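K.L.:
Structure in structure tokens, see below.
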Amino acid sequence: MVRNKINNDDNLSIPRVLPSNIQAEQMLLGAIITNNALLSYVSEFLRNEHFFEPIHQKIYDAIEKIIEKGLIATPITLRSMLTQDALFKEIEGEGYLAKLITMSMMVINPIDYGKIIYDLAIKRNLINIGEEVVNNAYNSSLAVAAKEQIEYAEAKLYDLTKEGLNEKSFTKVGISISESLASINRAMKNNDHVIGISTGLLDLDNKLFGFHNSDLIILAGRPSMGKTAFAINLALNTCNNMRLKNIRDNQEIKSVGFFSLEMSSEQLTTRLLSLCAEIDSTALRTGMLSEDKYNRLRKEANTLSELQFFIDDTPALSISAIRTRARRMKRKHNLGILFIDYLQLIRGVSKSENRVNEISEITQGLKAIAKELNIPVIALSQLSRAVELREDKKPMLSDLRESGTIEQDADIVMFIYREEYYLTRKEPVAGDAKHAEWLDKLNKVYNIADIIIAKHRNGPVGNVSLYYDSQFSKFGNLEKRTFNSI
């Protein structure tokens with residue numbers, strides 16, 4: 001649809017010039033040439049591409065390279081580096097450098113000029129992003145959803161805000177010690193000494209001390225071991241434990257985010273209801289419920305509805321889309337912990353043909369999300385089929401698919417293993433002498449799931465045995481067969 005143009009001189013299109021400040025660029029360059037020490041004050045945030053004038057980009061780049069070599073950037077050394085450059089010749093570079101030095105005599109605070117140059121560069125980038133977004137919207141095919149374009153634009157804008165002027169730098173050790181002591185004091189006041197987000201499982205908390213902010217935790221296992229079920233239990237427990245802690249400390253309630261790339265949100269919530277109401281999920285799917293069970297179901301459904309638990313079941317998300325959505329949830333719902341089911345279903349951004357490189361990009365992206373949003377990120381992962389070829393089916397770090405990069409980027413790697421699953425498939429013939437021995441082994445591992453902590457960057461590794469009720473996919477403390485109530 002074409003709108004009628006308003007015939008008004010005030011509304012005529014006026015050519016617009018990209019924002020820049022050539023004089024600020026000249027004065028800063030002259031000041032640095034006069035006093036090379038000034039480069040260290042601006043080089044942390046200012047790069048050569050932030051300059052508007054191409055010749056200024058080349059001069060700044062040459063200054064950096066000369067100083068990096070341990071030399072002094074002067075008109076003489078700069079001329080020797082740029083003498084073959086066509087643009088430098090065109091503007092009679094030697095005289096231009098002298099002009100820059102003359103202009104620097106008026107500079108009072110060169111850092112301010114650097115910030116002006118940087119700010120104007122960001123505005124130009126903002127204009128470029130805006131034009132790109134508009135052009136993409138006009139030219140995109142029906143195959144590209146508007147939502148994808150919005151996420152792309154949001155990611156571009158967010159990346160722009162993270163560029164350059166970053167206030168976080170070196171921290172004096174005294175400040176870090178104060179923060180560490182505060183954390184230790186909080187742990188001393190907790191009877192359970194859990195300093196992170198409690199998993200709701202005592203023995204697991206004793207090993208991990210809870211889930212910690214900025215940690216990437218990998219939960220891996222073979223199919224039918226209960227990875228998703230365990231993740232749902234952990235998500236529910238952490239959601240409830242964060243809520244109780246936030247209420248106690250009079251803080252804004254934190255939320256749980258769950259990216260379900262394999263199951264639909266309906267399937268996931270059916271599992272949640274089965275877990276909480278202790279009703280078999282088959283009965284929930286078929287609707288074969290007694291009045292008593294239905295009333296129990298309604299009660300648990302009302303309780304779950306009040307929790308800050310958010311599910312995103314969009315399939316085949318890219319690591320970039322996950323980052324964008326997690327940032328949005330942090331802003332809107334105070335995201336406290338993030339679960340992703342599962343890692344191998346995430347798409348990389350670079351679309352590398354090498355799957356190992358793509359997984360590396362994904363795991364590094366997940367770790368970056370954990371650090372940036374200051375939350376624990378729990379990502380589920382598959383294990384290779386090599387496990388099934390061994391007599392001993394207990395997983396090892398080498399069983400992780402594309403294991404090198406996953407193991408390297410993760411702060412914690414946990415495996416879920418249920419010996420009961422394998423034993424039930426090896427039942428000898430009834431009455432056979434080996435049957436009694438098999439039955440004895442089965443009784444020892446019945447309803448038990450082992451959580452093998454194979455890597456723990458800041459704590460002990462080892463095995464934690466949990467009680468597992470396969471009927472309701474419910475995990476609890478083994479010793480007393482107890483569960484974290486919600």
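Heads up, the Cβ atoms here are built off N, Cα and C, so glycines get one too.
Copying in the features that Swiss-Prot gives for the protein in this structure:
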- 190-482: domain 'SF4 helicase' (DOMAIN)
- Gly221, Arg222, Pro223, Ser224, Met225, Gly226, Lys227, Thr228: ATP binding site (BINDING)
K.L.:
Return the residues near Thr228 (ATP binding site) by Cβ distance under 8 Å, restricted to its own chain and a separation of at least 6 in sequence.
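P.N.:
Sequence-distant Cβ neighbours: Glu262, Met263, Arg271, Asp341, Tyr342, Leu380.
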K.L.:
Find, among the binding-site residues listed as Gly221, Pro223, Gly226, the one whose Cβ has the highest number of other Cβ atoms within 10 Å in the structure shown.
P.N.:
Gly221
K.L.:
Relative to the mean position of the Cβ atoms of Gly221, Arg222, Pro223, Ser224, Met225, Gly226, Lys227, Thr228, the recorded ATP site, which additional same-chain residues have Cβ within 8 Å?
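P.N.:
For the ATP site, the extra neighbours are Ala229, Ile416.
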K.L.:
Average the pLDDT scores across the domain 'SF4 helicase' (190-482) and report the rounded value.
P.N.:
85
K.L.:
Sorted by position, what residues of the same chain at least six away from Met225 (ATP binding site) have a C-beta under 8 A from it?
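P.N.:
In sequence order, Ile416, Tyr417, Arg418, Tyr421, Ala449 meet the Cβ cut-off.
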K.L.:
Restricting to the same chain and to sequence separations of six or more, state which residues have a Cβ under 8 Å from that of Ser224 (ATP binding site).
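P.N.:
Counting only residues 6 or more apart in sequence, the Cβ neighbours of Ser224 (ATP binding site) under 8 Å are Tyr421.
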K.L.:
Using a 10 Å radius around its CB, how many other CB atoms surround Lys227 (ATP binding site)?
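P.N.:
Step by step: centre on the Cβ of Lys227 (ATP binding site), count other Cβ atoms within 10 Å, giving 22.
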K.L.:
DSSP secondary structure for Lys227 (ATP binding site), reduced to helix/strand/coil, please.
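P.N.:
Lys227 (ATP binding site) sits in a helix per DSSP.
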K.L.:
In sequence order, which same-chain residues at least six apart have a C-beta under 8 angstroms from Arg222 (ATP binding site)?
P.N.:
Gln382, Leu383, Val387, Glu388, Lys393, Pro395
